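The next block holds one structure in the form of structure tokens; read it before the comments.
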Amino acid sequence: MLNFFRRLLGDSNEKEIRRLQPIVEEINRLGPEFARLSDAELRAKTDEFRQRLADGETLDDILPEAFATVREAAARTIGLRHYDVQLIGGIVLHQGKIAEMKTGEGKTLVATLPLYLNALEGKGVHLVTVNDYLAKVGAGWMGPIYHFLGLSVGFIAHDQSALYDPDYIDPNANPEDQRLVHWRPCTRREAYLADITYGTNNEFGFDYLRDNMAYDKSQLVQRELHYAIVDEVDNILIDEARTPLIISGPAQKSSDLYRQMAKLVRQLRRSSVTAKQVKEEGLEPDGDFFVDERTKSIYLSEKGIEKLEKLLNIPPGESLFDPEHYEKTHYVENALKAQFIYQRDRDYMVTPNGEVVIIDEFTGRAMPGRRWSDGLHQAIEAKEGVPIKNENVTLATITFQNYFRMYKKLAGMTGTAYTEREEFAKIYNLDVVVIPTHKPMIRKDLPDQIYATEEAKFRAVLREVQEMHEIGRPVLIGTTSVETSERLSAMLKQAGIPHNVLNAKHHEREAAIVAQAGRKGAVTVATNMAGRGTDILLGGNPDGLVEEFLRKEGLTLETATPEQKRAAWEKAKALTEAEGEEVRQLGGLHVIGTERHEARRIDNQLRGRAGRQGDPGSSRFFLSLEDELLRRFGPVERIKGLMERFVDSDVPLQAGLLDRTIESAQTRVEGYNFDIRKHTVEFDDVMNKQRQIIYADRKAILDEADMRERVLDLMAEEIQRQIDEHLSDGVDEFGLTELLRVYRRIDPTLPATVTAETLKGKTKEEIEQFLLDHLETTYAEREKAIGPEVMRTVERRVMLGAIDRQWVDYLTAMDELRQNILLQAYAQKDPLVEFKRESFRMFDELKANIAHDIVYNIIPASFQYEAYLRQIAEEQARRLATAQIAGGSSEVEQTRKPQRRTVQQIGRNDPCPCGSGKKFKHCHLGREHELAAFMNNAPATTPKVEPQPVKPAIAEEAAKIKAAIDNGTLPAASPKTPRGRQPQAVPRGKKR
């Protein structure tokens, strides 16, 4: 029925391709005309297009001519000409959609079309890849096209930024690879100011966060996010979607508890009754805990809780879940997960120097620098007995989902996106268009072979490898873990089959291994090939053989002459071409999958390694009923029982029913993971709106030259609030005393002669106006004393410091809220609704805290502005240093308790830490409790700085102010509009 309607209505993807065909025909029609242009005339097209855009034409209007220009420039510079299907891919990318293009179809070349077109607007465009190498190679390879057409190209990596310059030769680059030699080092800002910038998703995201930690406009590097093409878009926007980018700093927590819990959980016994049986059949666990493998969660049984309470020495009558013991449950849960769910060489590896490194479950890559959050990484370090690193506190964070949704126009390309089209549409508003291949796909995807046990499956894999190896066909074996790849490697070694292993432990040889995986008789064992970014060429890659041929002649790349290198390359090229033709005759690359992945997309990526650009090839998956996917989601027990009774262990089962079961299991897991990611977005959207408000405020402070009026408004609002609080029942001595005490924390210059007694006869309105006038006078005096320019700097630094300190604490509080809010589901409340309600309340509190921080610090900071600015500079340097090394970090968010600064031992003649400029004995001596309260409202993370000598001019000014304070003769406020509550008849532009 579905096929009937598809034939009746036509496939929507085919309709989309047909709709674009007239544009392709127009580009082809322009081809001969553009081919007749001289180089100068072709280059001049760029200026012509820019002028036409300025005159009112749109990008769509000039698209055919722009694409024809790039096509001709590519042919002249790098010898490649875009196929028609590549033109279709370029149009799809320009339209802000995802182009699904199979392996080997030339995505790197396709991207030049929309990048050039959109760069003509002069707002900067980004090409996002999954690693630094691919970004640098891609930009360097396509660089001659852009340079020929007068566009600049930048490249950013974690520790490097550069501009493409054909006249520059990098002395440290391999001179044989022209893609890498013409990168001239530049500043980060210059790389972003280029017309086109290539880089990784991590670096673009981290630069955004770093920009929003800057204390000066000169530190900003990014422009407004205009247009981006995301390569391997499914990997970045789906696989990495739940992994936030986090810049963090150290938080102090004891590692002893992790070690204690790691030893303790080894005494607990796992229940043989599964989570599924507990939930569906109502069976009681027969151990201390049981595991839900589907959600990777661990649940303690009643028996387990009692056992833990004894092991933790919790007194009788008290519970592990009482508030005073509740923190320990977090350590217990992490220790259990580390011991019983996370496996070495599957989920992580331990390096020779004792570091726990996460293994990417989708690509099999080691991810140094990334750490699991919430103490899980520390729990695994305790389990493995390696040094435990400190937990961290989040300084800035954003998910890829929210970062990439900030671009005005977003597009993507990958070999596998169609199965995830619903998620791309719902979360990113991106349509997926499958681009036809240039040559027909002739790869044979053979039926799965399913065995009862894992042992039988691996024996079958070995037999198939031997069979292919004997006839000379190259074989690629894909595994889902380092452990499996090592196991297969041992079996192949025992069988005498030479092979290469590519996994997280051997990543440094990755490019060389993949480049030669298509040679005759080659056998390559690799963890998931997703994101490798290197094509497997039948017959091998000649570039990778040059060094080998030179070595046989006693030469190296450094000692060989250019003629010797050219001769070696010609020899390698002849060999690989001959081998390639022979391998094609044998049937091409054979891909073996040893386990189905949770996502069909990853399986398709593995299959896609064979049959590139019309080459022959084949693929087959070998499965067992003990595989994780079938064990977690399939009707394993019933089928396994039948197979053990009626089928020999080495005889595979090939049944359509089980194929449907596997696909159904994958679909369910994909749906489950989609729901989780959608859930993540719904929660993070709340935080994202708040982040945008805070970051916009930071940017406004950096951009605005004068924040004086805003600061005075905040101070006026605080004074009004304090008057309402302390004089709510009328003007009395107690209320006035408290009001003046608080006011002096804002403005320490209020004369001692101003007391509750002297103000007792005034009305609330008169008192308010008196304090506001005094405040403006003090502010004007401080500005005159240190100079307007310095005062503006103090304002910016105080305001940015207040935002950053409060934001860090807010991120921690929001993380705690997000973890705890899920308990609302048990109270029959919608966790998302409760999260929104509580987060809005907390955000209002955050804004109030920021204002409070600014108001109570600005005048004291102006008295000791040199020391204060030095403190801020040191704090900023630490934060920026943390941000700069954040290129490889990931989820490291940790909870912490608010840090409070305590008053140090102060000498009688030392300057008072409140910032008044007076000696301690004349200021807060005898009122240390007030000083402590004041200090705890000062910057919590500001480092202690020794008192600095005051410049003579400042000392003289301070002496005048001190004399005025002592004599009660501060100058009257200058006549200006009162900064207080105004009569209702007088309209105000903004509330003070």
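Positions of Cβ are set from backbone N, Cα and C atoms, glycine also.
Now, the feature entries from Swiss-Prot:
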- Gln86, Gly104, Glu105, Gly106, Lys107, Thr108, Asp535: ATP binding site (BINDING)
- Cys912, Cys914, Cys923, His924: Zn(2+) binding site (BINDING)
- 885-910: region 'Disordered' (REGION)
- 965-992: region 'Disordered' (REGION)
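All features noted in Swiss-Prot, drawn onto the structure.
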{"residue": "Gln86", "record": "ATP binding site", "contacts (Cβ under 8 Å, 6+ apart)": "Glu105, Gly106, Leu109, Val110, Leu113, His438"}
{"residue": "Gly104", "record": "ATP binding site", "contacts (Cβ under 8 Å, 6+ apart)": "Asp535, Arg612, Gln613"}
{"residue": "Lys107", "record": "ATP binding site", "contacts (Cβ under 8 Å, 6+ apart)": "Gly89, Ala99, Met101, Asp231, Met413"}
{"residue": "Thr108", "record": "ATP binding site", "contacts (Cβ under 8 Å, 6+ apart)": "Gly138, Trp141, Met142"}
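Look at Asp535 (ATP binding site): DSSP puts it in coil. When every Cα pair among Gln86, Gly104, Glu105, Gly106, Lys107, Thr108, Asp535 is compared, the largest distance found for this ATP site is 18 Å. Under the DSSP three-state reduction, Gln86 (ATP binding site) is assigned to helix.
Gly104 (ATP binding site) falls within neither a helix nor a strand when secondary structure is assigned with DSSP, and so counts as coil.
Apart from the site residues Gln86, Gly104, Glu105, Gly106, Lys107, Thr108, Asp535, the chain places the Cβ of Met101, Thr103, Leu109, Val110 no farther than 8 Å from the centroid of the site's Cβ atoms, the recorded ATP location. Of all the binding-site residues listed here (Glu105, Asp535), the one with the fewest other CB atoms within 10 A of its own CB is Asp535. All protein chains considered, the CB of Gly106 (ATP binding site) has 16 other CB atoms within 10 Å.
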